[in-house]
Amino acid sequence: MAGKTLYEKIWDAHVVRQYDDGDSLLYIDRHLVQEVSSPQAFAKLDDDGHKIRKPENHIALPDHAVPTIRKNATFADGLAARQVERLRANAINHNVEYIAPDDQRHGIVHVIGPELGFTLPGTTLVCGDSHTCTHGAFGCLAFGIGASECANVFSTQTLRQKRQKTMQVELSGPLPFGVTVKDIILSLISQIGADGGVGHALEFTGSTIPHLSMHARMTLCNMAIEAGSRVGMVAVDDTTLNFLKDRPYAPKGALWDLAVENWRTLKSDETAVYDSYALVDVSSLEPQISWGTSPEQTSGVTAHIPFPQDEPNLDRRRKLKKSLEYMGLTPGTALRDIAIDRVFIGSCTNGRLEDLRAAASVVKGKHISKNVSGMVVPGSAQTRAAAEEEGLDKIFLDAGFEWREAGCSMCVGMNDDRLSDKQRCASTSNRNFEGRQGQGGRTHLVSPQMAAAAALTGHLTDVREHI
Ligand SMILES: CC(C)[C@H](C(=O)O)[C@@H](O)C(=O)O
Ligand code: SF4
């Protein structure tokens, strides 16, 4: 008999009820609540006269709309200010722990969940945010949900869900010089497409994984949703356990030992069968750059902008033309010749300490191009403090970058950090949709090292020539 995949193990352990149509009612262990997606859920709760069933299983914090200059902070607009204030009021009203922007534990939900040890292996964790897949790096079943689902989790601590198919994504070989996990996941998405993972829970496996830190695994799982998959997972190993030990919300003492015993079983059985399979030959990768308006429109740094007439599929050809028009790019241009105006280093994809270290190592002792304005935004207050302890802030400031406070910042145009019309940005975030970083703004997704190198030269460039 076939064994179970990691996804199936955690799923089965959380089924409360099985419905005739194949849906399952799942028990939800933990819920992260942010300001953009929660107002309707709290309103529904209040309208129905319901209380939150287990307030201690939820943490609320604002990240999307918070200004990243906190002193004399002004909000981008009335909506942003209202969202943050409503979250605070709703959380207090419902006895949910609220982490304010000036709290030392503050940050982007997907950065602080793991930092606090709120994200734990074997659990189900949800948030009204599509990048909740990030937490799957800890061998937990984490996925983004909609506002009405948030209301269900509040009042019942359960969710009715359809079980996904499973996809094994094998990463093979060591990371070459100058190549990072960001390049792995961008390359996977360009290979299988932005819809390649639809209906599937991805599990990243293979010889590359044991060498990846938790920070790197989170970057990997963060972008599962950009391949169309709500879930991205990595099995538990010593790296996972070492990261979590002694974190504030992680179990302690005998409970820790008991938990570890259970968590060690959180890997797919040898005999497990996945519904589909993809392979990334990591050892042959080069640094990647997205050049279009979907993360799948990505190529290696040595490539050129494609010619739409070479695309045989008419629908794809039309989309390609439209992307290049929006991006203001001419077919045949070398990616390395594209001049940029701005650099953004941050987000829940690449705003963690290792990312900042990597970017700092490229710009140390140098100065960014006079044509570029650069911004570094740590993913959390703790990340910011740790970076300052190592002097990374000084390296960035000396190089001409701005050093901001934690938040989603220019990953998404919901706060003051935005691109203006036609501004071009090398960004470490995860989405390059039209208008994502500000109306008319043009985004190139890259790794932190690649973003740092682009800041130095004023154009997209190959980081391998700068380290
Ligand atoms: C605003 C929020 C709900 C959204 C998401 O669902 O992911 C945002 O975080 C994003 O990255 O696009
Ligand atoms: S940093 Fe970007 S991707 Fe992550 S939660 Fe915020 S807006 Fe979404």
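Each Cβ is built from the backbone N, Cα and C atoms, and glycine gets one as well.
Caution: TrEMBL annotation is automatic and unverified by curators.
Using a Cβ-Cβ cut-off under 8 Å and counting only residues 6 or more beyond its ends in the same chain, the region 'Disordered' (292-312) has close neighbours at 186-187, 189-190, 193-194, 196, 223, 226-227, 285-286, 319-324, 326-327, 329-336, 430-434, 445, 450, 460-463. According to TrEMBL, the region 'Disordered' annotation covers 292-312.
For 292-301, the entry in TrEMBL reads compositional bias 'Polar residues'. Taken residue by residue, the compositional bias 'Polar residues' (292-301) breaks down under DSSP into 0 helix, 3 strand, 7 coil.
Under DSSP, C408 ([4Fe-4S] cluster binding site) is assigned to coil, being neither helix nor strand in the three-state scheme. Counted within 10 Å of its Cβ, the other Cβ atoms near C408 ([4Fe-4S] cluster binding site) come to 31, all protein chains included. Sequence annotations record features per position, and here TrEMBL assigns [4Fe-4S] cluster binding site to C348, C408, C411.
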Neighbouring C-beta atoms (10 Å sphere around the C-beta of C348 ([4Fe-4S] cluster binding site)): 27
